[in-house]
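Listed in TrEMBL for this protein:
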type     : residues                       : note
BINDING  : 10, 22, 70, 79, 80, 81, 88, 89 : ATP binding site
BINDING  : 22, 70                         : divalent metal cation binding site
TRANSMEM : 27-44                          : transmembrane segment
TRANSMEM : 50-69                          : transmembrane segment
BINDING  : 63, 92                         : substrate binding site
ACT_SITE : 63                             : active site, proton acceptor
TRANSMEM : 90-111                         : transmembrane segment
Ligand SMILES: Nc1ncnc2c1ncn2[C@@H]1O[C@H](COP(=O)(O)OP(=O)(O)OP(=O)(O)O)[C@@H](O)[C@H]1O
């Protein structure tokens, strides 16, 4: 396989692994499908779709990075280490902050359309 297509293949494998292995990634993927279906049924403007796509892409990409950090920490040490704890907690914190922003923006976009 050409190296260019090989890198796509590895990226696809990474996404597939994360969806299969990580409970949170499964949740985010199902939530993303729910938001897309909800958006189609509700009817969103072009700008609203752009925002939703950015949020979904950002959320999934962040979850992939969080998993990559978890794996790297586990590779470095299986022992309890305060820095390992900080690294994992910081990565989880980043995911949590973005998830809260997504929920708030989602409510700002969707709720007025349902009232
Ligand atoms: N080697 C370690 N040393 C110290 N604390 C750790 C270590 N590994 C994990 N922890 C602590 O346990 C928590 C959960 O770690 P774990 O690797 O189980 O992540 P997880 O539960 O799979 O995360 P996620 O919720 O993203 O799936 C971490 O956030 C961290 O606080």
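Backbone N, Cα and C define each Cβ position, glycine as well.
Just so you know, TrEMBL annotations are computer predictions that nobody has curated.
The model shown is predicted, which means the values in this text are computed figures rather than measured ones.
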Same-chain residues near the transmembrane segment (50-69), Cβ under 8 Å, at least 6 residues beyond its ends:
14-15, 18, 21-22, 24-25, 28-29, 32, 35-36, 39, 44, 87-88, 91-92, 94-95, 98-99, 101-102, 105-106, 109
Using a 6 Å cut-off on Cβ distance, which of the binding-site residues 10, 63, 70, 89 come close to any atom of ligand 1?
70, 89
Site extent for ATP (largest Cα pair distance over 10, 22, 70, 79, 80, 81, 88, 89, Å)
31
Spacing of the two Cα atoms, residue 70 (ATP binding site) and residue 63 (substrate binding site), in whole angstrom, works out to 10
According to DSSP, does residue 80 (ATP binding site) sit in a helix, a strand, or coil?
coil
Fewest C-beta neighbours within 10 angstroms among the binding-site residues 22, 79 belongs to 79
Reported as an integer number of Å, what is the Cα distance between residue 79 (ATP binding site) and residue 63 (substrate binding site)?
24
Integer Å distance between the CA atoms belonging to residue 92 (substrate binding site) and residue 81 (ATP binding site)
17
